[in-house]
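Below is one structure, written out as structure tokens, with a few remarks after it.
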């Protein structure tokens, strides 16, 4: 939709990967719609995933005992966070939709993306106490996980060896994104592209492109435990 701003947080080492193809088609389709699309290519940026004292450029509020959450909250208020953090926060703040494109690592995100979440979504910027879930500081924004897996779709069912895929979405979609106030759109799951045929992979890319054509008309998922753990 013309005038909308989209941030794609991309976490894959190889530009020619299937994840890279999904990222590229998202950029192309959303740009075609007139959206302004920004990509944070975390590996290409050599993004620092570790949460350390270096994230605070000013004086610590308690130099005797370091508490990362407390210190980054204070640093956010004092405008003394490291520039790589504030650069990403500005991108998030300007975005109407944030898409996270990544391969599933151990039922979660790659370490570099976890580090992005740990460092960028700090108290004062993404949430406060009070000021979380429906009152999160990023309310009014949309978020979407676009994930590739190593396992097949059958493996991620209630009766499959891995269990229902929605179980693994709970800490990411609910405990992180919804906690920060995002309205979460249904995830885009591309199952087992490594073992899929070329035709099947093309179908996955086409399905993602087609979905993006009407992405602004989608309703967010219900932010309830039942959506994830329904019986």
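Indices start at 1 and increase along the chain as displayed.
Even glycines carry a Cβ here, placed using N, Cα and C.
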Listed co-binder of Zn(2+) (same site as 174, 178, source Swiss-Prot) among 122, 223: 223
Residue 194 (FAD binding site): tally of other CB atoms within 10 A of its CB: 11
For residue 19 (FAD binding site): intrachain residues, at least 6 apart, with Cβ closer than 8 Å: 10, 11, 12, 101, 102, 103, 148
Nearest of the recorded positions (80, 128, 194) to residue 178 (Zn(2+) binding site) - Cα to Cα: 128
Neighbour count (Cβ, 10 Å) for residue 80 (phosphoserine): 17
